[in-house]
Amino acid sequence: MPAITNIDDLKRIHRRRVPKMFYDYAESGSWTEQTFRENTSDFDQIRLRQRVAVDMSGRSTATKMIGEDVSMPVALAPVGLTGMQHADGEIKAARAAEAFGVPFTLSTMSINSIEDVASATHKPFWFQLYTMRDEDYVNRLIERARAANCSALVITLDLQILGQRHKDIKNGLTAPPKLTPATIANLATKWRWGIEMLQTKNRGFGNIVGHVDNISDASDLSAWTAEQFDPTLDWGKIAKIKEKWGGKVILKGILDAEDAKMALQVGADAIIVSNHGGRQLDGALSSIRMLPSILDAVGDQVEVHLDSGIRSGQDVLKAMAMGAKGTYIGRAFIYGLGAMGQAGVTRALEVIHKEFDTTMALCGETQIGNLGRHNLLVPKDFEGDWQG
Ligand SMILES: Cc1cc2nc3c(=O)[nH]c(=O)nc-3n(C[C@H](O)[C@H](O)[C@H](O)COP(=O)(O)O)c2cc1C
């Protein structure tokens, strides 16, 4: 095994080991994938300010996200079908996150259920809620997350309707994969993945199957989404869900200052500036580009987190120095999981942690609280002069 020195190394192994339909599922954006591409290329436009002769001893990457101690400001984002990237993937990712001291967020569309993950971990994790037409089912999900001792509800707001990812249609994405000649031919080359999958019973949507009566085909993600996701979700409903939950709420998928102000009004504990990793509105600007205007609008009143495009510790530092109070990785941990299971998620976290820590040091900083715009060189036209 060659040395794994960066997230791209894990991505290459992920691609080799995981069936094409699940690699493609992770590695796509919607339609032209412009937003997906710019999420990463916009980070590259921001440069770092090198400082020297600063005592760099006693550095710490530890901080808090929504009042919880974290060893670095990097949570694992909710990712649907994680348990198809590697057998029992949610349990493995949650365990890696717990050992590393960073939050794990379980997707509604996970393979391992809320209860599976709770019984395999010791610390509370966060639960991501998609709102469905079936209100009783949503209420039951909230109850289940409470019973599992989840310490935050992450409500995703940018997926009332599913953005089209061409590859998923072409590949006929299902969980578990439907056995067609093309999938059988591809699965035959992924023996390691297959052997591990045969050893678990968890191969369907764990939070859904057995918990709702009216599912026509739970294995077909897009059909089920189109059927079940609530197109009528609005701020009034969000406020009601928040009330029902009664605990900490993080609103995910905010990409506009006006929506950030609405999030503030419903009393969010944190917001995640996110475009769903470029998987929803193709043509939207990257999260890192939208961050400054959102911070200007609400940054002193609510904790502002960011995801979409983070592939390195340098990216984490750029987001934090811009003013975010925490970040999330989606694909970066999925590459690790697909490559090497739990050890791969740990490796992804180690890589990002080392990059973040070293970058802090070379920027002349020892504490997260001291990071700021003074660490960055941002092109004058970075935010762009866009006319509404
Ligand atoms: C394969 C995949 C599945 C995802 N599933 C969900 C999901 O079920 N719920 C959700 O809120 N976000 C989901 N997301 C979005 C992530 O939570 C996160 O916003 C995104 O991955 C961040 O971008 P990054 O992958 O560039 O880090 C998914 C992202 C990917 C790549």
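Yeah, the Cβs are placed from backbone N, Cα and C, and that goes for glycine too.
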Y25, H276, R279 bind glyoxylate per TrEMBL; candidate in R133, R140, R165 listed for that same site: R165
Integer Cα-Cα distance in angstrom, T156 (FMN binding site) to R279 (glyoxylate binding site): 13
Cβ neighbours within the same chain of R165 (glyoxylate binding site) - under 8 Å, at least six residues apart: Y25, S28, G29, S30, R279
Cβ-Cβ neighbours of G80 (FMN binding site) (radius 10 Å): 20
Local Cβ density at T156 (FMN binding site) - other Cβ atoms counted within 10 Å: 24
S308 (FMN binding site) to H276 (glyoxylate binding site) - Cα separation in whole Å: 6
Cβ within 8 Å of the mean position of the Cβ atoms of Y25, R165, H276, R279: remaining residues of the chain near glyoxylate: S28, G29, S30, G163, D168, G277, G278, Q280
